[in-house]
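These come from Swiss-Prot:
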- Asp77: active site, proton acceptor (ACT_SITE)
- Arg18: site 'Important for substrate specificity' (SITE)
- Thr78: site 'Important for substrate specificity' (SITE)
- Gln160: site 'Important for substrate specificity' (SITE)
Amino acid sequence: MLANLDRYKIVLASNSPRRKELMTGLGVDYVVKTLPDVDESYPDTLQGEEIPLFIAREKAAAYQSMIGPEELLITADTIVWHEGKALGKPVGRQDAIEMLRSLSGKSHQVITGVCVTTREWQKCFAAVTDVRFAILDEDEIAYYVDHYQPMDKAGSYGVQEWIGFVGVESISGSYFNVMGLPIQKLYRELKQL
């Protein structure tokens, strides 16, 4: 379907198993390249969409010297935006519990910034999905944190895991964005190249 990409070798710069799963589902051939320590810090003045876009651009810049002449690099970053602040990946069990408590019974946004980069050009975009959580009790939060893998996920949850089944009341926007990559929007962007 994306014959226009035949001239490129697609490189996904991500350790995320969910992003790999989504790229595989898109049906394009790609390889994964990762660097050990890409800086994911950002200026405190950034808000909402600006944060994951900034980090996606920084990730692309970190890989710039590795991009071959026929390569198309995809970088992404996802945050949970809640009550005026970004929730990234938790730093430990207690941090994960506190994040989930703060999301319980409330709405938040999941925002992913994506950059598609070659040696000659770069195109970046953001996707925003509104998510509403049901009220979660302490046992549900502890069960999820102790039995699943919240530590590698923005906001301490994976919508495709148990917490998504029992805790997510509604989603407005891309479900796949909540997983970490707005694959439909990425497909549309790639189709226009």
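Note that Cβ sites are derived from N, Cα and C of the backbone, with glycine treated the same way.
Contacts of Asp77 (active site, proton acceptor) defined by a Cβ separation under 8 A and a same-chain sequence distance of 6+ are given as Glu40, Ile51, Pro52, Leu53, Ile55, Ala56, Lys59, Thr112, Gly113, in order along the sequence. The Cβ of Gln160 (site 'Important for substrate specificity') lies under 8 Å from the Cβ of Arg18, Met179, each of these being in the same chain and 6 or more residues away along the sequence.
The Cβ of Thr78 (site 'Important for substrate specificity') lies under 8 Å from the Cβ of Pro52, Val110, Ile111, Thr112, Gly113, Ala154, Asn177, Gly180, Leu181, each on the same chain and at least six residues away in sequence. The Cβ neighbour count for Arg18 (site 'Important for substrate specificity'), using a 10 Å radius over every protein chain in view, is 19.
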